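K.L.:
Got these off TrEMBL a minute ago, pasting:
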- Cys7, Cys10, Cys29, Cys32: Zn(2+) 1 binding site (BINDING)
- Cys76, Cys79, Cys103, Cys108: Zn(2+) 2 binding site (BINDING)
- 72-113: domain 'TFIIS-type' (DOMAIN)
- 7-32: zinc finger (ZN_FING)
Amino acid sequence: MSTMKFCRECNNILYPKEDREQKMLLYACRNCDHQEVAENYCVYRNEVHHSAAERTQVLQDVAADPTLPRTKDVQCAECKHHEAVFFQATARGEEGMTLFFVCCNPNCGHRWRD
């Protein structure tokens, strides 16, 4: 099994990189310009695929986060509960910030944005 390689200059992870001109595999740092020739040409790739249920669970857990602000000035469209946590994030393709709400009712967890 392959081990991770680290940059000699800045100690960041080295990533595999192809040198097409010289037809060789290199390991390159994304932080500085350090590169080194690969001794082993076997590259491992680990892709993690999340199910929809995992993503939903993460968002429902947001309602229990004590560091997020809460409001009682909103009403959930699903269960009519009057408390939600909210946070700001940029939505893809939109300019500015979007306000996201998650219902605090443990039996609901409905999400919406404003």
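Using the three backbone atoms N, Cα and C, a Cβ is placed for every residue, glycine included.
Would you situate these features in the structure and describe their surroundings?
P.N.:
A C-beta separation below 8 Å, combined with a sequence spacing of at least six in one chain, links Cys7 (Zn(2+) 1 binding site) to Ile13, Leu14, Cys29, Asn31, Cys32, His34.
Sequence-distant contacts of the zinc finger (7-32) (same chain, at least 6 residues past either end, Cβ-Cβ under 8 Å): 38, 41, 43.
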K.L.:
How big is the gap, in Å, between the Cα of Cys103 (Zn(2+) 2 binding site) and that of Cys10 (Zn(2+) 1 binding site), rounded to a whole number?
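P.N.:
About 44 Å separate the Cα atoms of these two residues.
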K.L.:
When you tally the Cβ atoms that lie within 10 Å of each candidate's Cβ, which of the binding-site residues (Cys76, Cys79, Cys103, Cys108) has the highest tally?
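P.N.:
Most Cβ neighbours within 10 Å: Cys103.
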K.L.:
Neighbour count first, Cβ atoms within 10 Å, every protein chain included; then name which of Cys10, Cys29, Cys32 tops the list of binding-site residues.
P.N.:
Cys29
K.L.:
Other than Cys7, Cys10, Cys29, Cys32 themselves, what residues in this chain have Cβ atoms within 8 Å of the centroid of the Zn(2+) 1 site's Cβ atoms?
P.N.:
Arg8, Glu9, Asn11, Asn12, Leu14, Arg30, Asn31, Asp33, His34
K.L.:
In the same chain, which residues outside the set Cys76, Cys79, Cys103, Cys108 have their CB within 8 A of the centroid of the CB atoms that define the Zn(2+) 2 site?
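P.N.:
Everything else in range on the chain: Ala77, Glu78, Lys80, His81, Ala84, Cys104, Asn105, Asn107, Gly109, His110.
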